[in-house]
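**Student:** Pulled the feature table from TrEMBL, pasting it below:
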{"type": "REGION", "residues": "1-49", "note": "region 'Disordered'"}
{"type": "COMPBIAS", "residues": "21-30", "note": "compositional bias 'Basic residues'"}
{"type": "DOMAIN", "residues": "165-304", "note": "domain 'Nrap protein'"}
{"type": "DOMAIN", "residues": "311-449", "note": "domain 'Nrap protein'"}
{"type": "DOMAIN", "residues": "455-614", "note": "domain 'Nrap protein'"}
{"type": "DOMAIN", "residues": "629-814", "note": "domain 'Nrap protein'"}
{"type": "DOMAIN", "residues": "821-976", "note": "domain 'Nrap protein'"}
{"type": "DOMAIN", "residues": "978-1113", "note": "domain 'Nrap protein'"}
Amino acid sequence: RLLYRASVGATEEENQDLPKKGKAQGRKRASAPDGVVKPVKLSRADLYKPPTNEELNQLKETENLFHSSLLRLQIEELLKEVTLKEKKKQKIDAFLHEINALLSAVPETPETDLADQSWLPKDVKVPFLQVPFSVKGKFRFLPPAAVTVVGSYLLGTCIKPEINVDVALTMPRAILQDKDNLNQRYHRKRALYLAHIAQHLSKEKLFGSVRFTYMNSNHLKPILLLQPQGKDEKLVTVRLYACPAPGFFKPSRLYPSKNNVRTAWFLEQGSPGEGAAEPPTPHYNNSILCDTGLESNLLFLAGASAGFPGMRDGVALLKVWLHQRELDKGLGCLNGFVASMLVAYLVAKHKISQGMSGYQVLRSILQFLATTDLSAAGISLSKDADSSLPTLADFHQAFEVVLVDPSGLVNLCADMTASKYKQVQFEAKRSMEVLDDSTVDGFQLLLMTPKPLIRTFDHVFHLKHVSKLQGACKKMQLLNELMDRGGNYVAAALPFVTSLLARGLAERVLLLTHSLPQAPQWPISAEPPKHKDAGHLSFGLLLTPAFAASILERGPEADRPEAAEFRKFWGEKSELRRFQDGAICEAVVWGAETMCQKRLIPEQIVQHLLWLHAAIPESSIRYTGAVLESVIRAGREPAGTGEEAMVSIVRSYDDLSRKLWNLEGLPLTVTAVQGTHPALRYTDVFPPTPMKPDYSYHVRIKDKESLLPLPEKPCPAYIAPMKVVCHMEGSGQWPQDKEAIKRVKAAFHLCLAELLSQQHQLLCRPAATHADVYKDGYIFRLQVAYHREPHILKEVVTPEGMLKYRDTEESQLHLGHLQQHPAFSGTSRLAKRWVRAQLLSDSLSDECVDLLAASLFLHPAPFTPPSSPQVGFLRFLHLLMAFDWKNSPLIVNLNADLKVADYTEIRNAFVAARPHLPVMFIATPRDKRSSVWTKERPSAQILQRLLVLALESLRALEEQLADPLGSQDGKMVFRPPLDFYDILIHLNAKQIPRHLEGVDRPAKSFSRGMLKSDALVTTLIFPVVGYDPVQCYLQELREAFGDLALFFYDSHGGEVIGVLWKPSSFEPQPFKASNMKGRMMASLSREELVTVPNVEAILEDFEILGEGLVRSVEARTEKWTI
């Protein structure tokens, strides 16, 4: 089965060697191999020579296949990076010759019983789980009859960084006996054979390490790994496989329908029960047959790839593709060998022709995988129509996925589960879509972006202890499967568990998949790992947003025969219900009140089914679907995560806008009403809650009909005014002068307030710039807009009396169409909560974060649009960290208004004007050139800081979510590192109105002078709006000391303000009377007077300015010098 593993070149380290984005890739290549074009001086005649046929072909291919010549260059560069250099090949060949010489010198041993292993020295353990131990048969060691190199090394499809060379050792006939196909005898001989060789080779100085591992994590097939000594240790791993003498096993004994493991032997019962039929053991038979076809498969592949460099490149690209998706390692993976066989199949079927390039081969194979379901209709590479061979139907009965090798005997995908193949198929479909989309960089997305389970799937759950699957095998009565798999209960139970969950989750999920059990490597002196050492198993669910959160599972009608089946499947959860159409049906109802509980219905289903059918308790399942959502939950009681609150705000706002449209008595009618507050587009982290002021906490100002907070009481709760813009119709009466427009608008605000209180009895308070309306416990801030006003504001009269236009910010952001993605709101809110928790509240605008989140939904490739806030947030961090902000604009195609030509135009304009554009550039259909939302902020330093924080947070979070036994505290990445700041200003919690929004719930909270919205008081006086002492304090600090320091704060109830000195402010400056704010004299020399910041006085000012609000000022003097 050597070939099998051989061609699996790549491993975890692959990413370290793949050219990373951003690293310089122009490393000097030592010796230019033949065929690399060196620059040549051309004569004039040569320069204008017509192109040759080959050049024409290349040009035509580039035009038709690649969206740009860049893709072609990227692929060529990648192939150079992953293929083996000549110099390395020579070293590897020399190492192989030395191994060959050593193998023929391993001494023979006398014949003993197979179960008597006393002849093996104590320091070598047999790399095989011998359960049950006793078995018939004799064993002796003889040197291998032949040593052959097989696998990808000879084909040239082996790729860096992990180079594996597979060597098959043919065991001489004399070792094997007639009935070795029974009861694991052959497998045990193989293990003893390798153990004896390992013991001898481990004494040699040539090897840096001699270890065992399981081939493709299959416990029946140990192999021996050799690595060279010294600095070349990482150069190559030579893998030794033992295989039987050719023609020794009769294939007909090993067909999928035959039995070769006897029940009585496996259960250690004395005599077999009379006349009991033995179950077939297809996987066991397949594992023996694999070893017989190593060389013939190599010859088959060599025939397919002879004189076909495109196939070599195509297989290498396919391996990188599989590796980035974690599909190429472990039990039941789609490894490089199977991939090569698939390509060879397409060559044989003339779907791939000899002239194709590597990229075309990759496209063809992805197209094939996307459209072929091997779990429903398998394929065979066998040419002979020999009627005695097993048919495809025989294979389908025994295995979930079928791909038969050229001999017609071996299923190359025997260990793969149907759900794993479905994942391969799904990935191939997505990849074809990406390759056909000319607006994205397909190369970067398909071959350079890793897709770890935790960032790819909406919900992930881990089975903490795989040993629980032993009980599952009992409960599901899988004795035959256990015998077939040599006692490996993980492999036996996995297909049944996945199909059980797939049936239960049905249309809630697009895709359900599992991680592949990995076998470790171990030293030859150690016992082989048990089945439970495979670590934990993870399962990933891709949810269908339309159905994932539905609380009802409707079954068949009660009198139908299927009803009993439905009841059996769902257990006591199933109950009879009468539906609106009059039908009485079986149904399952899942309890979930709020949106965030509904998102977790799949968790209830998984736990229920695994306990009911597989005896896996809830405590063994770690479900990560909503670990982070606690940070966007306000309030003590287990309320939802704010979705319901925002729906009621929007309802109130819709009602208000209807009233505005129908107001009678306005001089001009309202033409449009637009809400610009984030809560009105469902992306406010903590949406405002309806409030009523408690009079006992305020003083009434008699003549003004207003309230004033009492100084001795805690600061009242923060009431956020929600800005609503009213567009008035145009009229020739509007003035054309800026000041006059302001006055007319103020008159409108007075008029609106008066009419709303007269016609709708709403409490209003007008001001020159806005009118506040108190409705349903919320405050809406109305602002009148006149459509020509921006135009007039742009007019600036220069000193020479010329009219000039300057740009002003465009307002509103429209994200209405994103409501079809239920997870958008949660993703954007988690992202904002994280940015603010890092004390960067004022460094990114609300709209900027909304656009970043929107891009994850509108341009999700190579992923699918997120269907849970958690995975959306992980991808947000990844986007921040991995996007090339310096050289690329982030294009967010809202409403799909941008066409291909617009993309090109935006990119070209960006490159041309890069030095004058903001560091973070986001283009939308309405704003292609100026990136309005990121113009002022973030600055380059803040963006850099954000990227560092995102990188660290993502690493920590993914480690935490992927480790089922670690802590489940999602708040870790929301606690900011404070050692970065020069000064910390600690605040008094009593005066922080949003104290309860902190990441870690404060132990004691204050009553904030507000009544519940359902309290029986009528509010006659306007509450205090938008009052947050901390924000006022920050504003004063920035005005007074903005030129000396930067101030950072978490606006959601942070108890600390971080201060950073600006390095420039500490440079001595010449004395000027006008420039003495916050500075003091420092005499450097007699001649000139210079000033430096007076740090002690400034710190004292911090306290004086914030009296009553500031608890203490902590200066960290070791960070800066006074």
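Every residue gets a Cβ built from N, Cα and C, even glycine.
Caution: TrEMBL annotation is automatic and unverified by curators.
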**Student:** Taking 3+ C-beta pairs under 8 angstroms (sequence gap of 6 or more) as contact, is the domain 'Nrap protein' (311-449) in contact with the domain 'Nrap protein' (821-976)?
**Tutor:** yes
**Student:** Please determine whether the domain 'Nrap protein' (821-976) and the domain 'Nrap protein' (455-614) are in contact (criterion: at least three Cβ-Cβ distances under 8 Å, sequence separation 6 or more).
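**Tutor:** Counting Cβ pairs under 8 Å (6 or more apart in sequence), the domain 'Nrap protein' (821-976) reaches the domain 'Nrap protein' (455-614), since there are 3 or more.
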**Student:** Mean pLDDT for the domain 'Nrap protein' (978-1113), as a whole number?
**Tutor:** 82
**Student:** By DSSP, how many residues in the domain 'Nrap protein' (311-449) are helix, how many strand, and how many coil?
**Tutor:** 73 helix, 5 strand, 61 coil
**Student:** How does the domain 'Nrap protein' (165-304) divide up by DSSP, counting helix, then strand, then coil residues?
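**Tutor:** Going by DSSP assignments, the domain 'Nrap protein' (165-304) contains 56 helix, 28 strand, 56 coil.
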